[in-house]
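Report on one structure; see the data block that follows.
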């Protein structure tokens, strides 16, 4: 690996979602509303989890971490995109692009590991309900949460160093609205084959490991449900695991479509759509999914909203 960056490019230029001026204002309003709704939903959920004693449990502790990640993910990319749409300020410095890339990959990686930890939490809740408080202790939950954040940050450090120590000496137009791995690699004037292999290998090992733990957890849950075969067990299990399973499928589907493939298959238009799904729509839907399927969350959210309404 090269130790220093040999780039002669001092800034990158985003090719926005549309070059048509007649719909820029519409896109700006649309994405601003989505961003504000995402912020409002996740902040409300965080307040509900932190202030309601009924939600002071491992499941909601991890859900609070998920909401924090869902706040960070669009905040890293959307404000810059809104500036491009409204002000046509589509330049970003090399260091700014590096920081945005590192932050986004760190958040995405952390969320993958956090969803895996949440799957294990659901496994313990369904398969070992009597031992759940002792297994999922406060100390273990804190260690698991810190482990997911640390792994996400270190994983992002590796990916960012592999990408931004390449040479950039030609085109500087990023075919995306943020600094992502495939479009940045496409701009390098040096060979990226070995870097791509390392990125795919690391992402494959970590991602497949997280996926295997999640799948095994749900297989154990399914076997436990079939072994008990008691009335109402399916409904109870679905109410316990349905929200998490929905979020996992949504997140993994969009993330795999974006990252787990070589850059030769990179399609700017398709990737913009997919990246908006996991970068904007998924963080918006996560609090909705959890609140719709969980009575405790709905009651806590109603209390928070009523208190805010009275205060206003």
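All residue numbers here begin at 1 and follow the chain in the order shown.
Positions of Cβ are set from backbone N, Cα and C atoms, glycine also.
What TrEMBL says about this one:
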{"type": "TRANSMEM", "residues": "25-48", "note": "transmembrane segment"}
{"type": "DOMAIN", "residues": "41-290", "note": "domain 'G-protein coupled receptors family 1 profile'"}
{"type": "TRANSMEM", "residues": "60-79", "note": "transmembrane segment"}
{"type": "TRANSMEM", "residues": "99-120", "note": "transmembrane segment"}
{"type": "TRANSMEM", "residues": "140-158", "note": "transmembrane segment"}
{"type": "TRANSMEM", "residues": "197-225", "note": "transmembrane segment"}
{"type": "TRANSMEM", "residues": "237-261", "note": "transmembrane segment"}
{"type": "TRANSMEM", "residues": "273-292", "note": "transmembrane segment"}
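The transmembrane segment (60-79) makes contact with the transmembrane segment (273-292), as judged by at least three Cβ pairs under 8 Å among residues 6 or more apart in sequence.
Through the fold, the transmembrane segment (25-48) approaches residues 17-18, 55, 63-64, 67-68, 70-71, 74-75, 78-79, 81-82, 85-86, 280-281, 283-284, 286-288, 290-291, 297, 300-301, 303-305 of its own chain, all at least 6 residues removed from its boundaries and within a Cβ separation under 8 Å. In the predicted structure, the domain 'G-protein coupled receptors family 1 profile' (41-290) carries a mean pLDDT of 85.
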